[in-house]
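Remarks on the structure that follows.
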């Protein structure tokens with residue numbers, strides 16, 4: 001029996017179990033997947049080739065009481081914010097560790113911004129420091145990304161606080177859409193790659209909490225409170241689709257189906273996580289269209305696992321679209337309409 005057949009059988013069996021046992025069973029599988037996919041050792045060096053004009057900035061954050069490291073490549077007044085995954089490190093952003101993103105966007109007319117850190121943060125403003133791992137300050141990533149960093153970059157690097165793109169993967173896929181939903185002038189463009197797009201639904205709060213606890217011992221209740229707290233829906237892209245439609249935000253949503261291609265990612269955790277995530281992405285697409293959304297690209301190919309080569313492929317694919325939206329460049333040849 002294949003791993004996916006075992007998972008399907010487990011999910012079917014879980015429907016007959018008491019809720020607590022069912023959550024524990026599925027949670028164990030999800031945490032296994034997250035550990036396998038994101039649990040690698042710290043990387044000593046980043047991918048950027050020598051010669052690129054990449055700067056390592058220290059941007060003050062009054063809300064978090066510390067300076068935040070930001071990797072920055074200047075390229076124009078409008079920027080692409082590249083947000084990291086669940087196991088974000090404190091040395092380099094995962095986009096730089098795992099992809100040639102700086103090189104791919106060099107001389108594109110766009111600046112590239114990679115905030116560093118934020119493990120298990122969901123790039124949101126938390127209620128309090130994590131109560132399970134001794135964190136001595138409160139994550140305030142939304143405040144940093146929408147107020148503190150834009151003001152500093154405008155004053156010091158000439159980057160506009162408006163007209164930018166937010167691109168996130170996995171943990172931060174939904175974060176990118178939420179930033180655009182609430183800050184439409186700053187982010188007229190948002191992309192989610194293999195994101196968790198309905199975090200307030202069903203088992204997702206519990207599963208997310210288990211994953212966060214595994215990734216650094218973080219407590220989801222310290223982030224958004226119990227699952228009944230309004231913060232879960234406030235930060236749920238599915239719930240906030242009407243905002244994205246009303247804003248006419250340009251969105252790019254990608255998710256594979258768990259089948260590897262020649263790009264790699266042929267391992268059980270990466271395949272399982274992508275298959276688990278696909279359903280909410282498809283539901284997001286359908287709900288967006290039903291709510292009148294007509295400014296989205298939805299890519300659900302017959303392959304793709306929860307791994308960096310697929311996300312980088314999408315980052316390259318969306319470059320012309322981002323340039324068109326942010327800089328008014330020639331639009332890509334293929335029309336971008338909600339997929340059927």
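From the backbone N, Cα and C atoms, a Cβ is placed for every residue, glycine too.
Swiss-Prot lists 86, 87, 198, 276, 277, 278, 279, 283, 306, 307, 308 as binding substrate, and of 61, 170, 227 the one it places in that same site is 170. In Swiss-Prot, the annotation region 'Fibronectin-binding' applies to 102-112, one of the ranges 91-101, 102-112, 113-123. Per DSSP, the secondary structure of the region 'Fibronectin-binding' (102-112) breaks down as 3 helix, 2 strand, 6 coil. Same-chain residues lying 6 or more positions outside the region 'Fibronectin-binding' (102-112) and placing a CB less than 8 Å from one of its CB atoms are 47-49, 52, 54, 71-80, 82, 96, 157, 159, 165, 312, 315-316, 319, 322-323, 326-327, 329. Highest local Cβ density among the binding-site residues 86, 276 belongs to 86, counted as other Cβ atoms within 10 Å over all protein chains shown. Counting in whole angstrom, residue 278 (substrate binding site) lies 10 from residue 306 (active site) by their C-alpha atoms.
Neighbour counts of Cβ atoms within 10 Å were compared across the binding-site residues 283, 307; the minimum falls on 283. Cα spacing between residue 283 (substrate binding site) and residue 170 (active site, nucleophile): 16 Å, rounded to the nearest whole number. Around the Cβ of residue 278 (substrate binding site), 17 further Cβ atoms fall within 10 Å across all displayed protein chains.
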